[in-house]
Every structure is written in C-alpha cells, then in structure tokens.
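Lifted from TrEMBL, the feature list:
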DOMAIN    67-286  domain 'Radical SAM core'
BINDING   Cys82, Cys86, Cys89  [4Fe-4S] cluster binding site
Amino acid sequence: MKEAILYQKLPKNKVRCGVCQRRCIIPDGDVGYCKTRVNKNGKLYATIYGIASAINNDPIEKKPVFHYKPGSSCLSLGTFGCNFKCLFCQNWNISWADGVAEARHGTKLNPQQAIKLAQKYNSEGIAITYNEPTIWLEYSLDVFKLAKKNHLYTVWVTNGYATKETIDIIVPYLDVYRVDLKSFDDHFYQKLINVPRASGVFETTKYLHQKYPEIHLECVTNIIPTWNDQPKTLASIAQWIKKNLGGVTPWHVTRFYPDAELNNVPPTPPETLFKAREIGLEAGLSFVYIGNLPVEKEDDTYCPKCGNLAIRRTGYLTEILGVDQKGRCLDCQEDLNIKR
C-alpha cells in the first residue's frame with residue numbers, strides 16, 4: 001500500500017481521486033469505483049501497489065503493438081481492479097476483482113524486483129497491461145523510472161480514461177501508449193462499460209498526441225456484433241484517427257469472442273473484420289491490422305507507397321524483411337512509422 005499521488009483533500013475527511021476521469025469523491029473508510037483506492041483518515045492510498053495478478057514475458061506484438069521494437073519481448077505486468085466495467089472483458093477475473101481484498105492474494109513484486117525479472121528474462125521492455133494501468137499509476141511510475149535507468153522501453157496498454165494530470169505524470173517515462181478506441185457512441189460506453197460518454201477517451205488520446213508527439217501510439221477497436229460493427233461507426237473511428245493522430249498510426253481491428261456477461265453475442269464474422277480494414281484504408285490509414293483471426297497477410301506490414309513487404313508475422317513469429325534501422329522502407333525509403 002502506498003499513498004496516492006493524485007488526489008485532493010475535501011471537508012469531512014473526504015478525498016477526490018484524480019487518476020481517472022471518474023474523479024471519485026471517496027468518504028473516509030470507503031473505496032473508489034475501481035475498488036483499489038481507499039480513504040484512510042482523509043488520505044488516499046493505492047492498495048495494489050506492488051501487487052501483481054499476472055506476470056509474463058510476452059512478445060510486444062501480443063499487446064498488440066506492431067510498429068515499436070518489432071520482434072522484441074517485454075515483461076508484462078497486471079494487477080487487480082479497473083475503472084471500467086466492460087461487460088465483454090476477457091480479463092474479467094482480475095479486472096472485476098476487489099483490489100482491497102485481492103491485494104492479500106496477489107504476487108508481491110516491488111519495482112526493483114520487476115526490473116531484475118525483466119533482465120532475467122532478457123526482456124527489452126516492460127508493459128503494464130492485462131487490466132487498466134491508470135489505477136496502478138504509483139507503481140507504474142516507479143517501475144518505469146527504473147526501467148529507463150536500465151535501458152528498457154515502457155508500454156501502457158490502456159482504456160484511455162486517464163486524466164490529463166495522469167498523462168503528464170507518466171509520459172516522461174513512457175515510450176508506447178496503446179489505447180482502446182471502443183466506439184464513438186455514448187450509448188455503447190454507457191451500456192457496456194458504465195461510463196457516461198465516449199469523448200473522454202478520445203480527448204485524452206488527442207491531448208497526449210498533440211502535447212507529446214514523441215510517444216509511439218497504436219489504437220485497437222474490438223468489434224462487437226450489433227454494438228460497434230456498423231460501417232458508419234467504424235468509419236468515424238478511422239477518420240478520427242487519421243485527422244487527430246495521423247494516417248501512419250496503426251489501427252488494430254480485433255475479433256470479439258463471447259465472454260463475461262456478453263456471452264450471448266456471437267464472435268465477429270470474418271467478413272466484418274475485412275470490411276473494417278477496408279474502411280480504415282479508405283479513410284486514409286496506412287496500417288490497419290486484423291487481430292484475433294488467423295488469416296495470412298492481414299498481420300503483415302507493407303509499405304503503403306510501393307507495396308514492399310516490410311514485416312512478416314506468423315502468429316507471434318516476426319520477420320523484419322524490408323525496414324531499415326530508421327523505420328523506412330528498404331525499397332523506396334518511405335517512412336513506415338516503425339521504431340526499431
């Protein structure tokens with residue numbers, strides 16, 4: 001447990017948490033929405049500091065991140081709790097967990113131990129993933145500071161609902177921001193996630209890119225039949241990415257599988273994913289990838305200018321074929337927005 005770094009003290013021993021856009025007002029003795037931050041006598045504490053629910057050495061492509069250090073591995077850490085309640089969450093067993101209660105059952109891993117573990121596994125980076133890293137801000141910050149001192153890259157796999165204050169705190173130690181853009185529809189966020197509006201995610205993502213353009217950014221949309229699979233919805237996301245993040249920003253459109261409380265919805269039809277990719281390309285995006293569907297070539301990276309095969313991906317086996325050390329196409333020198 002560690003005192004939180006973003007909160008405001010209020011009258012009657014209440015506090016207002018500042019890590020995510022819920023900005024929970026928490027009475028003394030109570031917890032916030034994420035069930036990981038507790039008010040004790042007018043001070044806010046992160047109960048999950050140094051408590052891991054999952055520890056793996058993953059290919060960076062599993063995040064998914066395709067254009068940063070392709071072929072590398074990163075120590076991937078998750079904890080308990082989340083500031084969302086996605087009814088389709090594939091990691092619901094940890095993200096829906098009560099952080100206060102589960103803190104007793106997780107694996108204790110202080111920042112120094114995390115770095116040593118990454119070095120033991122020969123990881124090139126560290127990713128905070130599996131559940132929402134925003135609620136693990138204090139731990140993420142301490143781990144990332146040490147990671148940079150030890151020449152490890154850093155990745156945040158996020159739902160994008162952090163506050164701007166959180167972004168400003170973590171960015172000096174961040175290399176990759178992998179964000180979920182689930183839908184432009186408020187109804188989607190209200191019914192499936194218990195968040196009042198979608199715009200907060202897009203506003204924060206735009207803020208990060210405009211203020212910190214050096215941060216590598218990739219976007220993911222998990223396409224759920226009848227909920228966010230309409231061509232108009234997908235086109236609006238693709239057009240927003242092109243306008244606000246740039247046409248070379250990778251967009252991953254991934255297949256939904258029934259899980260958690262949304263197990264009555266069928267998996268995404270392959271043709272819907274192919275159509276989504278087509279929509280992204282028509283919107284001016286250069287790199288649109290299909291995920292969670294084993295189809296040849298849809299995970300490969302091609303130069304948008306000359307068509308040269310830059311990176312071939314077979315599962316998590318990555319072959320760098322046509323990219324120079326500066327991330328340009330070997331044939332025509334087009335910038336592929338790949339950081340090696």
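From the backbone N, Cα and C atoms, a Cβ is placed for every residue, glycine too.
Just so you know, TrEMBL annotations never went through curation; they're auto-generated.
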What mean pLDDT does the predicted model reach across the domain 'Radical SAM core' (67-286)? 97
Whose Cβ lies within 8 Å of the mean position of the Cβ atoms of Cys82, Cys86, Cys89, the [4Fe-4S] cluster site, other than those residues? Phe84, Lys85, Leu87, Phe88, Asn91, Trp92, Ser95, Trp96, Asn131, Glu132, Asn159, Ile193, Ala260
Near Cys89 ([4Fe-4S] cluster binding site), how many other Cβ atoms are within 10 Å of its Cβ? 20
Per DSSP, Cys89 ([4Fe-4S] cluster binding site) is which: helix, strand or coil? coil
